[in-house]
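Annotated features in Swiss-Prot:
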BINDING   Ser55, Thr56, Arg57, Thr58, Gln82, Arg106, His133, Pro134, Cys135, Gln136, Cys274, Leu275, Arg302  carbamoyl phosphate binding site
BINDING   Asn171, Asp234, Ser238, Met239  L-ornithine binding site
Amino acid sequence: MSTQTRVRHFLADDDLTPAQQREVLELASELKQHPYSRKTYDGPQSVAVLFDKTSTRTRFSFDAGISQLGGHAIVVDSGKSQMGKGETFQDTGAVLSRFVSTIVWRTGSHQNLLDMAETATVPIVNALSDDLHPCQILADLQTCIEHLCPQEGVPGLKGLKAVYLGDGDNNMANSYMIGFATAGLDITIIAPKKFQPKQEFVDRAEKRASETGAIVSVTADISAVSDADVVITDTWVSMGMENDGIDRRTPFLPYQVNDEVMALAKKSAIFLHCLPAYRGSEVAASVIDGPQSVVFDEAENRLHAQKALLVWLMENQPR
């Protein structure tokens, strides 16, 4: 949160306390049942939706969600604006705050978000950065509740075991550690030693876990999938890494989520993937297209979780 402008932003998974995260998730469930029950942006008010990176699910889910909340999304791709082309992100944040009620930004460097938050007087939502993808985690938690503990709701997440296989040094792994620990889920990152999370993000996850009782662990041992309730993977080549010259396929081949890996988890386990997925690489077609896969429920929940986040931010700004 920017101490200079006293605005509550959502730039990282640990910007929400466990109690606040629960409020957002409970609201997400309510909005899924009653999509048009809130008109937070009635007027209509406008929301800036900025993209430095290409998007499908993020763009459609925010655009549709803002419309359902009574607002108007102004969607701008970075190539069609002056952002980052001489004007500072601090200046951009100050100016956009005069035009819109919220700023949603999918960017590269996480520092871009921090810079804009210094001066923005409206909430900023991280729609993805190189470090974190916190909106995706809210959708994933909503999906876990629906499939694993619908009666208990958010409290039912505590003590469940989630495992993430593949590239542990990316934004998804970082957010899974912090966001799942916030909800009380045990989370294990299973990755080759060369591709394990940076200590900074492990420390942040462990700090949150100390509040919720969750267990955060990192290993290269695939047997850690044993008895998992949730099995997760992500693409082995994140956006912007396609031409970095690093072989990202060979080290990850043993970490593909296939039928043998799923057999280690509980029979009731669900499979998550934020998409897009590459069948035959990080996940076998038999898994992502199989009965344990809930990836399309997960994708839909981007809409509901993000709507809930926008409503919560607008209703919980410091007075």
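Yeah, the Cβs are placed from backbone N, Cα and C, and that goes for glycine too.
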Reading the DSSP string in three states, the entry for Cys274 (carbamoyl phosphate binding site) is coil
Helix, strand or coil at Asp234 (L-ornithine binding site) [DSSP, three-state]: coil
Whole-number Å only: compute the distance from the Cα of Asp234 (L-ornithine binding site) to the Cα of Cys274 (carbamoyl phosphate binding site). 7
Binding-site residues near Asn171 (L-ornithine binding site), in sequence order, restricted to Ser55, Arg57, Cys135, Arg302 and a 10 Å Cα cut-off: none
Any idea what DSSP makes of His133 (carbamoyl phosphate binding site), helix, strand or coil? coil
Could you give the Cα-Cα distance between Cys135 (carbamoyl phosphate binding site) and Ser238 (L-ornithine binding site), in whole Å? 17
What is the nearest of the binding-site residues Ser55, Arg57, Arg302 to Ser238 (L-ornithine binding site), using the Cα of each? Ser55
In DSSP terms, helix, strand or coil for Ser55 (carbamoyl phosphate binding site)? coil
